[in-house]
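Peer 1: Before we start, here is the structure in question, set down as structure tokens.
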Amino acid sequence: MLDQATKITRFGETPVFKLICTFSIPCILSMLTSAIYMNVNAIFIAKYIGTNGLSASSIFAPLDIICLLYPSVSLAYGTSTYISYAFGRNQFRIANYYTTMFICICLVYWVLLTAIMVPLLPKILVMLRAEDIVYRYAYQYGIVAIPGYTFGYTFANAMGPILRAENRANLSMVRQMLGAVLSIVFDAIFFNLAPQMEYYAASVSTCISLLIISIWMVLNIFGWIKGGVLRCKFGLLRYSVDELKDANEQQTHQSGPSIETKTVPVLDKSCEALSPLNKHNATIELELARNQQEVCEHAPSRRKRCSSLLFVVWQILTVSFPFYVNGISNSVSSLLAAYHTTSVASGDPNLEIYRSSVGITNTVTTLMSMPITGLVQALTPILGYNLSAGKIDRAYYVLVYTSLIGVVMTLCIWTLCEGLAYQLMFLFAGDSDKERSISAQALRLGLAGLPLQMFVSITVSVSQVKRKTALSTALQVGRALITITCIFLLPAVIKWTGSKINPINGIFMSPAIGDSISGLISMALYIHWTLCYKRQCNAANSSRIASD
């Protein structure tokens with residue numbers, strides 16, 4: 001416990017550039033490993049099932065991300081912001097409380113989603129215009145994924161942000177890598193030894209690997225094997241947040257803690273004693289405590305605890321929503337692009353090639369954006385810890401170094417992909433030169449806005465740490481709306497003007513337009529916040545010099 005607690009405090013002690021590099025490298029490697037598996041899985045599908053399999057993937061894979069993966073992952077990101085804040089205040093009981101609440105919400109979601117979506121799966125696929133053999137493959141994907149993936153994602157994938165919040169990025173990386181290796185091994189076994197399974201080979205192999213990693217994570221988070229500070233303790237749900245704040249945070253590893261309650265006004269006195277640099281963070285805690293007291297004052301103990309549970313659920317859901325929008329925006333765009341491609345290219349002999357190109361572009365774009373995602377995963381706990389601890393000077397350097405690393409890394413990735421787009425299609429597209437050429441063109445157009453997409457991701461992360469939920473939601477929703485509007489508008493404009501450009505290219509370039517516009521706005525906000533922290537640091541230094 002003490003060793004891990006000491007490790008957590010390194011968020012506020014290690015030199016910032018070294019901290020970001022050492023923490024982000026495992027995050028980037030784990031995300032790249034996951035994305036590489038997605039691409040290897042697409043290669044297996046292309047080789048053993050063909051273009052129809054890729055079309056089925058382009059239909060259900062966005063639903064997989066929207067309904068199965070990102071609800072739990074976004075909840076984990078949102079929860080991790082509260083966990084990092086609690087760690088910065090040495091409130092280990094509250095960190096465990098939020099961890100337990102996160103797992104409970106995910107399990108409830110898993111049960112409800114399975115009960116609702118499995119019976120509706122055939123109608124959903126028909127609505128998305130899956131027909132004949134494509135419908136069969138998409139059904140084989142979905143009927144396994146809905147109950148199996150949703151549970152597995154909760155522990156195998158969504159535990160990543162939770163582990164990183166307690167500075168266990170290496171364990172998160174090992175978890176992700178092991179899951180990818182297992183999935184690839186099972187893919188190879190099922191596709192080669194049981195080709196009659198068709199798309200079941202891909203869905204079942206992924207499900208088995210997720211369940212294996214889930215068992216490991218369950219043993220870890222419940223304390224049945226050696227782990228870190230965070231534990232899932234359902235007994236903590238008997239207490240309100242205020243009661244846990246007044247408990248001894250250094251006893252979180254023990255069961256049956258004694259709870260002594262105090263009143264919220266104590267927080268007012270503590271806030272008065274804070275320096276101006278720390279008041280913003282204290283205000284967040286004070287506001288939450290006051291809201292909790294207003295709801296529960298003069299209420300019976302059971303009612304008070306129920307209100308506390310509902311309030312915490314609301315906290316997690318609201319702070320997680322922008323992460324969810326950020327995660328699913330590409331998938332929603334890909335889903336609508338595949339849907340609208342059917343209308344735009346109706347009667348075209350290359351229809352299935354166009355539709356598979358949308359899926360290929362989404363898969364490769366996900367791979368190329370993983371380093372950005374890994375950098376954001378490092379940014380969130382580091383920035384959250386330092387802001388909650390009142391270390392504004394470190395927060396300033398976190399923003400500066402994160403943006404510099406992100407710009408260099410993104411430009412290198414973008415240049416590489418633009419130059420090798422056609423060569424990449426030898427892995428993902430079919431054997432014909434036409435299919436590779438169309439897919440390469442789709443990839444080049446889709447990745448054109450990647451350099452600016454980086455600023456959207458890191459700005460959303462910073463705004464969430466600063467509790468600017470409405471702003472981060474607006475950034476993501478705006479980006480998605482611009483992309484979706486372009487998907488439906490650009491092909492019509494191209495046709496109306498009588499241009500020789502293929503209207504399908506209007507669909508392919510739509511994500512780049514959304515990334516560029518929202519990226520410029522996000523970059524301006526990010527620079528503004530960085531300069532604000534710089535001014536606060538200068539003011540604090542001037543006050544310190546004057547007092548000396």
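Keep in mind that glycine also has a Cβ here, set from the backbone N, Cα and C atoms.
On a predicted model such as this, the values are computed, not experimentally measured, just so you know.
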Peer 1: Looking at 138-156, 328-346, which stretch does TrEMBL describe as transmembrane segment?
Peer 2: 138-156
Peer 1: Under a criterion of three or more Cβ pairs within a distance under 8 Å and sequence separation of at least 6, are the transmembrane segment (59-85) and the transmembrane segment (138-156) in contact?
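Peer 2: These two stretches do touch.
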Peer 1: Would the transmembrane segment (200-225) count as touching the transmembrane segment (396-422), if touching means at least three Cβ pairs under 8 Å and pairs must be 6 or more apart in sequence?
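Peer 2: By the criterion, they do not touch.
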Peer 1: Given the transmembrane segment (442-462), which of the listed stretches 16-39, 308-325, 396-422 has the most Cβ pairs that are under 8 Å apart from it?
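Peer 2: Checked against 16-39, 308-325, 396-422; highest Cβ contact count belongs to 396-422.
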Peer 1: Does the transmembrane segment (474-494) reach the transmembrane segment (16-39), going by 3 or more CB pairs under 8 Å (6 or more apart in sequence)?
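Peer 2: Contact criterion not met.
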Peer 1: Same-chain Cβ contacts of the transmembrane segment (364-384) under 8 Å, 6 or more residues past its ends?
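Peer 2: Distant contacts of the transmembrane segment (364-384): 11, 19-20, 23-24, 27-32, 34-36, 38-39, 77, 80-81, 83-85, 88, 160-161, 164-165, 167, 169, 330, 395, 398-399, 402, 405-406, 409-410, 413-414, 417, 424, 428, 443, 446-447, 450, 453-454, 457-458, 461-462, 464-465, 511.
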Peer 1: Taking the transmembrane segment (396-422) as reference, which of 16-39, 138-156, 177-194, 308-325 has the most Cβ pairs under 8 angstroms?
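Peer 2: Against the transmembrane segment (396-422), the leading stretch is 16-39.
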